[in-house]
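Swiss-Prot has this to say about the protein:
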DOMAIN    5-280  domain 'tr-type G'
BINDING   14-21, 78-82, 132-135  GTP binding site
Amino acid sequence: MTDLSRYRNIGIFAHVDAGKTTTTERILKLTGKIHKIGEVHDGAATTDFMEQEQERGITIQSAATTCFWKDHRFNIIDTPGHVDFTIEVYRSLKVLDGGIGVFCGSGGVEPQSETNWRYANDSEVARIIYVNKLDRVGADFYRVVKQIRDVLGAYPLVMTLPIGREESFIGVVELLTRKAWIWDDSGDPMKYEVKDVPAEMADEVEKWRAELVEKAVEQDDEVMEKYLEGEEPDVDTLKRLIRKGTIKLDFFPTYCGSSFKNKGVQLVLDAVVDYLPDPTEVKPQPEVDLEGHETGEFAIVDPDRPLRALAFKIMDDRYGALTFLRLYSGRLEKGTTVLNTATGKTERIGRIVEMHANQRNELDSAQAGDIVAVLGMKNVQTGHTLCDPDKPATLEPMVFPDPVISIAVTPKDKAANEKMGIALGKMVQEDPSFHVETDQESGETILKGMGELHLDIKVDILKRTHGVEVNVGKPQVAYRETITRRVEDEYVHKKQTGGSGQYAKINYVIEPGEPGSGFVFESTVTGGNVPREFWPAVEKGFRSMLGKGVLAGYPCVDFKVNLTDGGFHAVDSSAIAFEIAAQAAFRQSVPKAAPQLLEPIMKVDVFTPDAHVGDVIGDLNRRRGMIKSQEAGVTGVRIKAEVPLSEMFGYIGDLRTMTSGRGQFSMEFSHYMPCPKNVADEVIKEAQERAARK
């Protein structure tokens, strides 16, 4: 087993085209894991191993890869850059100790880089920054450094400077050692020379080095005092201080290079060893009780403590189901039994494997700090905790956002219905942000996800991986309904047949709840007019109606009910009578409470060349968008807006047309807002027509 201080669990995250997968490939080549480097643009990269990824050139699934550099063990999680897969980024950040943020030397801080950066800040993940593609036309390292400061509000601690620009980029100057690394044109990462700094760069190097030293010495008062008295700290002291500041997130060591041309990647690997934390140097995971409240205990990273492991990804491949685990404490051994705290059931550990993209090495055991996959687990889902059955505990679970878009699918071949059901069951296990439901009335299968591309990929996986071709309906928006007026009302349910009948009377108030509150029920009944044992039945009755609002059948949210009074009959009253009364009361009173349709509003971040700004803003306005800000950069303008999801279908094609293929955008859910009357009327009309057809 590797000593824990030599572990680095890291993620590589970036915008779609910043060169993240290429960078991962170069790391694997340098660490001796692969012999021929795969290029993304010919669909052969090692970590992009789903067909959909290789075809689209974007990374969808976090492939876990283990490799070694300078006697340190790297577990690398390759994360996707497209916004519809942000769930994968969030999921991998949960299990990482550090990260490499890759930025494009010409594109700079692009919309998705900002989203991923924000997630990493929320997860308190220490990072180093790598500005890639400096061989590209228009690449400018110094501009990207300024953008990182201005747009991300982060402090990039510049560690290397580029030698040459664009096609004449030949290497980097390492500021700490004042040495120049210069590669030849062979493309071999090992063919480089370490020389003195080029004379024409000497002043620039000293300026940036002084800034580096001044920032580093702030980490230690004693070193700072000596520095102010004129004593320069040695390189080892500076490295110690940079490590301390990086782990505290005070700054982010920043490197430059070109992964495609194999220039500069070694220094990034050295930085992972020198500055990113080992598993014992990050905050331990809190343990929680069954209700999700913290117990005050922590999963300390120590192989000798009881087992605590988090299942952070489920994947199905040709060998069966793979469950990826991050071990926080204890050991996991082949043939032993562990407890899944989410299900209360035990699982036997069969084969443990260390993953290298889609290849694997079998292991007999794993320890705290490891990221491994286990084959053949039956009832484990993403976010479940596996622990020692004799000393159970639950780790803080992952929280996933609700889907905002849905499509109906039917198999082209009716005989494939069962096959589709099995395939979708596996896909839901693999991706908690993907939901599958059956429309009770039409019998159609409804897929729900985080965006158009997310669902496109799912349909593709059905076809390629599972051999099920489907007909796809047009995308549907996840509207919601609410009420806007307080209504005081009563309802009496009476049913008399032979024998005992049914009787329940309820007096109640329904009113709008706080935004985001969902459904709130309370009872202020006094004097026993509605016995306490029937209150839960009243709540259950109202709650059972929330799934289908009165306007267009969409779920009802932000809805408050207060049971104020009522009446009962000693013989005829029962829980079921009160439940039926509450259901009828919902149907009676909600139409009086000025019901309103709500629509999902998306945060949209668009990048466009200067020449097309007017067209893009005009188009967003036509889509009922509200422009929040626009920011001029060197290569174009970033526009941030809030736009209803219903207006954003097919936007990527329209944006490319408007900007001659150069525009980019990212989009994520923001909040729900009331629909304008004309939109609401149209949605309600469509819903009524759909209902009439069923």
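Please read every residue number as a count from 1 along the shown chain.
Each Cβ is built from the backbone N, Cα and C atoms, and glycine gets one as well.
Here the domain 'tr-type G' (5-280) has a mean pLDDT of 81 out of 100. For A14 (GTP binding site), the count of additional Cβ atoms within 10 Å of its Cβ stands at 28 [all protein chains shown]. Over all protein chains present, the Cβ of L134 (GTP binding site) has 26 other Cβ atoms lying within 10 Å.
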